[in-house]
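Read through the structure below, which is laid out as structure tokens, and then see the notes.
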Amino acid sequence: MKILYPGTFDPLTNGHLDLIERAEKIFGKLVVAVLENTSKTPTFNLERRIIQIKNSLSHLPNIEVISYSGLTVDCANDLKANLILRGLRAMSDFEYELQIAHTNKSLNNDIETIFLSTNTNYSFLSSSLVKEVAKFGGEINHMVPPSVEKDLKDYFK
């Protein structure tokens, strides 16, 4: 069984990190797949996001970090992953993620999506929110790992 946790991670938040750590305890191994989304202009380029994630996950030896573009289901197929992990912060996330899960299932019937609820300490977090707070000089050390905090502060100087 191979588990795929996809996302843009622009940037990685403590919510993402918590989900990865919890999934690693449950499943043992996990592939974090960083999307190069050509329809968005990211704050950090793909290479920088991968470095941020690897730095933040160095204490977890069973986590592999890769990049991909295109459909998540195609990435899962290429890796022979049969489970896609998604985090849920609120009911609105569930509605969106369920639609994506059904789409992925329609493209590959062997792919299942597993949902983990977000730790309540991080249920308010989103990458967009973190960037907004950082942009206006707010404190983000409780929202993101240290290397991401430094990168965001440098970016918004």
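Note that Cβ sites are derived from N, Cα and C of the backbone, with glycine treated the same way.
These figures come from a predicted structure and were not determined experimentally.
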Of the candidates Glu97, Glu112, Glu139, the one that Swiss-Prot places in the ATP site of Thr8, Phe9, His16, Gly87, Leu88, Arg89, Tyr122, Ser123, Phe124, Leu125, Ser126, Ser127, Ser128: Glu97
Cα within 10 Å of Glu97 (ATP binding site) - qualifying binding-site residues among Lys40, Thr72, Arg86: Arg86
Among His16, Lys40, Arg86, the most crowded of the binding-site residues [Cβ within 10 Å]: His16
Neighbour count (Cβ, 10 Å) for Thr72 (substrate binding site): 22
Winner by Cβ contact number (other Cβ atoms within 10 Å) across the binding-site residues Thr8, Ser123, Ser127: Ser127
Of the binding-site residues listed as Thr8, Lys40, Thr72, Arg86, the one whose CA lies nearest the CA of Ser127 (ATP binding site): Thr8
